[in-house]
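Engineer: Quick one: the structure is below, and I'll ask about it shortly.
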Amino acid sequence: MTTSVCLLGASGSVGESTLKVLRAYPEKFRLHSFSVHSNLEKAKEIQKEFSPDFICVSSDFADVGVLGNKLGRTQILYGESSLCELVREPEVEIVITAIVGSVGLRPTIAAITAGKRLGIANKETLVTSGPLIQSLIAKHNTKVVPVDSEHNALFQLLESLNPNSVEKIILTASGGAFRDLPVEQLSSVTKEQALHHPTWNMGPKITIDSNGMINKGLEVIEAHFLFNVPYDKIGVVIHPQSIAHGIVELKDGASFLYASYPDMIFPIAHSLFHPEPVPKVLRSYPAKDWGKLEFREPDFKRYPGLGLAFEAGKVGGTAPCIFNAANEAAVELFLKDEIRFIEIPDYIRKTLDEIKIEFPLSLEEYEEADRIARETVRNLKARKVVSAC
């Protein structure tokens, strides 16, 4: 008996890694459905190989004529609203949310309320509306297993430890492409440089986030909500080798770390198989091959966005939502060559300063905070407030 999987974001890096895992275990999992944003050629390739029941093309600007309404036995859906339809399909048992950005919020909620097992790779969902998501997970008794490598590592460690013994959780970070660049040279970083990452092959938005360690800031906020750990018990260390993915410090002074080859197939396979063990070796990486492992504190002058994430998380309410939306809007401006790399955290800071923090109860209130934050970034750009600083 195979388990039916719905994969949201099949054409991205996490989506491609998920497909690798499905290929490795055809007797265990079946791709029931998947989504792409606008990569129709990729959609056709995946459909030909996996023959799913449904495909969702979420972009409102997709050329419907390329795929039509049916491809072989596969039904084609269009638009962001169809993402929710996809995850609610009765046959779907596991939903992997690999969509980048706050667009993943509503389909994630749909999966939770429909009682699906959730492999969550869309960190923005918990960042933007953590308290709401927490309450829905508890209400619907939803099983959630994180897919991000760091959170999955911590999940596995914490599951095996007595919670009363835990002192602190540590997220590791490569430090990005500019970890050794003199700080004064960050002002001249180009888009081409910022789109390169030393460890992971990711999409443009996540690569930009990672090179400024804003991605790690988002992960700090996500870890707070996933594991119910206060911010003063969450740490970040630079680990250039990207072999240790998570560390748990114990009250007695000992530490446990989770190590593997830096490949997303490990956390994805764990998420799909949980609570059962993954039955075969995915990629052996014995300790004798690790070489030297380095760990160091992050420099918040080099990575101001990381510090802003901790601040926003501690404030709570809509502050993390504003942080995320302002970052998405600023990264979009950077990718259009309208602002500099080092100005991204400045736009986030200014946006947080300009918007009143609320403590909402509904999804619509969080979405309104998201909208206002994006609009504020555009207004700041038009007024040249940040550039003038």
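For all residues, glycine too, the Cβ spot is worked out from N, Cα and C.
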Engineer: For the NADPH site that Swiss-Prot assigns to Ser11, Gly12, Ser13, Val14, Asn122, Glu124, Gly203, which of Asn39, Asn152, Asn228 is also named?
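Structural biologist: Swiss-Prot lists Ser11, Gly12, Ser13, Val14, Asn122, Glu124, Gly203 binding NADPH, and from Asn39, Asn152, Asn228 it also lists Asn39.
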Engineer: Kindly point out which candidate in Lys123, Lys139, Lys143, Lys233 is recorded by Swiss-Prot as part of the 1-deoxy-D-xylulose 5-phosphate site with Ser149, Glu150, Ser174, His197, Ser210, Asn215, Lys216, Glu219.
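Structural biologist: Of the residues offered, the record points to Lys123.
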Engineer: Using Cβ atoms only, which residues of the same chain lie under 8 Å from Asn215 (1-deoxy-D-xylulose 5-phosphate binding site) while being at least 6 residues apart in sequence?
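Structural biologist: Result: Ile206, Asp209.
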Engineer: To the nearest Å, how far is the Cα of Glu150 (1-deoxy-D-xylulose 5-phosphate binding site) from the Cα of Gly12 (NADPH binding site)?
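Structural biologist: Between the alpha carbons of Glu150 (1-deoxy-D-xylulose 5-phosphate binding site) and Gly12 (NADPH binding site) there are 18 Å.
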Engineer: In the structure shown, with every protein chain counted, which of the binding-site residues Asp148, Glu219 has the densest set of Cβ atoms within 10 angstroms of its Cβ?
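Structural biologist: Counting Cβ neighbours within 10 Å, the top one is Glu219.
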Engineer: Any idea what DSSP makes of Gly12 (NADPH binding site), helix, strand or coil?
Structural biologist: coil
Engineer: Using DSSP reduced to three states, classify Asp148 (Mn(2+) binding site) as helix, strand or coil.
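Structural biologist: Going by the DSSP assignment, Asp148 (Mn(2+) binding site) belongs to neither helix nor strand, so it counts as coil.
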Engineer: Determine, for the Mn(2+) site, the additional residues of the same chain whose CB lies within 8 Å of the mean position of the CB atoms of Asp148, Glu150, Glu219; present them in sequence order.
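Structural biologist: Here the nearby residues are Lys123, Pro146, Ser149, His151, Asn152, Leu171, Lys216, Glu222, Ala223.
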